[in-house]
Structures are given as C-alpha cells and as structure tokens.
C-alpha cells in the first residue's frame with residue numbers, strides 16, 4: 001500500500017511538472033507569436049502611411065568668381081539727384097558753368113524778340129530805360145544784356161582783353177545766382193548797373209575815374225546783391241543764421257554778396273580778369289570789396305554826410321568836375337550813388 005501511495009505521488013508530481021512545463025512553453029510561444037504579429041502589423045501600418053523620405057537636396061553650384069568692379073560700375077552705383085523744378089534756374093556753384101559760346105548773340109543772349117530788345121536798349125546811356133521790358137524781351141536776362149551792352153559801349157572788353165564768351169559765361173552764371181525774390185533780384189541789379197553807368201557818364205564824373213576804376217564800379221554794381229535771400233541783416237543776426245555766424249554780425253549780406261561774386265570768377269570759363277596784371281587785379285578786388293560793403297544801409301547816413309561835406313568844401317572845379325584826390329573819396333562817391 002505504501003509503495004502504491006508513493007508511486008501515485010511521484011506520478012502526480014511528474015504529471016504536474018510536465019503539464020506546467022508544457023503549458024508554460026505553449027503560453028510563451030503563443031505570447032511571442034501574438035506580440036510579434038502585433039508589432040509587425042503596427043510597423044507595417046506606420047510605414048505604409050508615411051511618405052518615403054525625399055533625398056537630401058544637392059548643393060547649388062557655386063557661381064564663378066565675379067571680376068573686380070570697374071570705375072564705371074562704381075560710378076553707376078552713385079545716385080544722382082537732379083534739381084527740383086524750382087531749383088533748376090539757380091545752379092549751385094559746385095556745378096560746371098555753361099560751356100563756351102560758339103557764337104556771340106548781338107545782345108549776349110538768344111531771344112526771339114531781338115528787334116524789340118534793340119529798340120529798348122537804345123536808351124542804355126540815358127535815364128528812363130525800361131528795365132522791365134529789357135527783362136521781358138531778353139528772356140529774363142536783363143543783367144547779362146545791360147552789362148554786355150555797357151562793356152561794349154565803353155570798350156572795356158577790348159581794353160582789358162576779356163573774351164566775349166568768357167564774359168557771357170560769367171554773366172549768365174552770376175544772373176543764375178540771383179534769387180527769385182521780390183526786390184533784390186536780377187532786375188534790381190540790372191537797374192542799379194545801368195543807373196551807375198549813366199551817373200559815371202555825367203560831366204562831373206566822366207573824366208574822374210580810370211578805366212580800371214570804372215570797370216570795378218560796374219562789376220561791384222552787378223554783384224552787389226547776388227544770392228540775396230530777401231531778408232535783412234538784422235533778421236539774420238537775430239535768428240543766429242549761418243551767414244551771421246560766418247561774418248560775425250558785421251555787414252552780413254554785403255560780405256556774402258562780394259564773396260559769392262568773386263567765387264563765381266573761379267568757375268570754368270568765368271574769369272573776366274585773367275588778363276589783368278597782379279597789381280590791377282589786387283586794386284580791383286580792394287575797390288569792389290570796399291564799394292559793396294559800403295552798400296550796407298547802416299552806413300547810409302555816414303556816407304551821405306561825407307558827400308555833403310565834400311560839396312560844402314567845394315571840391316569841384318569851375319566846370320563842375322569833382323576833385324577826388326584820395327582813395328576814400330573815390331570809393332565813397334560811387335558807393336553813395338548806388339545807395
């Protein structure tokens with residue numbers, strides 16, 4: 001009995017162990033199979049839903065090295081701003097002056113109204129010249145026309161060897177630098193110039209001044225208000241303008257006018273006085289500076305007083321000719337006449 005009992009127990013243990021081993025093996029196999037199947041299914045699903053990866057882009061071909069820029073290319077890169085329509089008439093001094101004239105017009109300017117201009121300019125030596133008609137018939141070039149006519153009348157072009165094309169290039173450049181203001185414009189300058197010419201032709205003065213002095217007076221008359229802004233010296237001083245700061249509040253505009261006038265002589269084909277000797281040029285410059293600075297209205301009463309004294313001391317000959325025997329008198333008279 002005991003043997004049968006142990007034999008049953010051993011068989012039971014063996015049966016249980018074998019069954020457990022078989023069950024474990026079957027379970028492991030089934031689990032592994034299911035897991036592998038699920039993993040394979042998921043991987044296949046993901047793979048089929050994603051687009052195939054695109055190949056990496058190939059790098060662009062490197063451009064050939066560009067040649068170094070030429071001077072012409074560099075110039076083309078610079079933006080050139082043209083003047084606005086309002087500023088076209090008045091050209092900055094840094095720009096090139098007009099090229100030399102190929103032919104010289106009769107009155108220095110080309111105009112379709114030459115016959116009408118000719119009739120008006122006949123009064124160049126007399127009071128009553130209609131400067132507004134001169135301006136109209138000359139295409140707003142009264143200063144150039146009047147100055148050219150006076151220099152020819154007095155033969156100053158010939159005396160001082162001034163080429164006509166240089167003279168006209170300077171005059172048109174000068175006239176371009178007169179601003180379009182109400183009073184101190186190119187018409188006013190032409191009016192003062194012609195009046196000075198007539199006064200110098202009076203018996204009391206026509207034999208007093210040398211040709212160099214006459215040319216100095218006429219040149220001073222032509223430039224005496226160039227680039228005038230239409231404002232007074234006092235306004236420029238009170239507002240601390242650049243000109244007032246430049247000239248230390250002293251004859252601000254007058255200093256500016258004479259400076260601009262002489263600087264324009266340095267423009268291309270504009271040097272009226274290139275054939276003067278150094279002494280002549282120095283003398284002309286001194287006279288012009290003194291005369292233009294004397295047009296400062298703050299000096300008006302002083303100059304009139306000096307002229308009154310000159311008359312009272314009878315510095316006049318029996319023929320009515322002024323006796324101007326010193327430099328100050330010779331400068332004050334034309335300055336006073338222009339005032």
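Yeah, the Cβs are placed from backbone N, Cα and C, and that goes for glycine too.
The compositional bias 'Low complexity' feature in TrEMBL is assigned to 40-49.
Per TrEMBL, the feature region 'Disordered' maps to 40-107.
Residues or ranges marked as compositional bias 'Pro residues' by TrEMBL: 50-71.
In the predicted model, residues of the domain 'PDEase' (109-339) average a pLDDT of 92. Summarising the annotation, TrEMBL assigns domain 'PDEase' to 109-339.
Marked as active site, proton donor by TrEMBL: 184. Under the three-state DSSP scheme, residue 184 (active site, proton donor) falls in the coil class.
When other Cβ atoms within 10 Å of the Cβ of residue 224 (Zn(2+) 1 binding site) are tallied across all protein chains shown, the result is 27. Residue 224 (Zn(2+) 1 binding site) falls outside any helix or strand according to DSSP and counts as coil. What TrEMBL records for 188, 224, 225 is Zn(2+) 1 binding site.
Its Cβ placed at the centre, residue 225 (Zn(2+) 1 binding site) has 24 other Cβ atoms within 10 Å. The feature Zn(2+) 2 binding site is assigned by TrEMBL to 225.
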Number of other Cβ atoms within 10 Å of the Cβ of residue 184 (active site, proton donor) across all protein chains: 20
Residue 184 (active site, proton donor) and residue 225 (Zn(2+) 1 binding site), Cα-Cα, nearest whole angstrom: 6
Taking the mean position of the Cβ atoms of 188, 224, 225 as the Zn(2+) 1 site, which residues outside that list, in the same chain, have a Cβ no more than 8 Å away, listed in sequence order? 178, 184, 185, 189, 192, 221, 226, 228, 257, 295
Could you state the CA-to-CA distance between residue 224 (Zn(2+) 1 binding site) and residue 184 (active site, proton donor) to the nearest Å? 10
Determine the Cβ neighbour count for residue 188 (Zn(2+) 1 binding site): the number of other Cβ atoms within 10 Å of its Cβ. 19
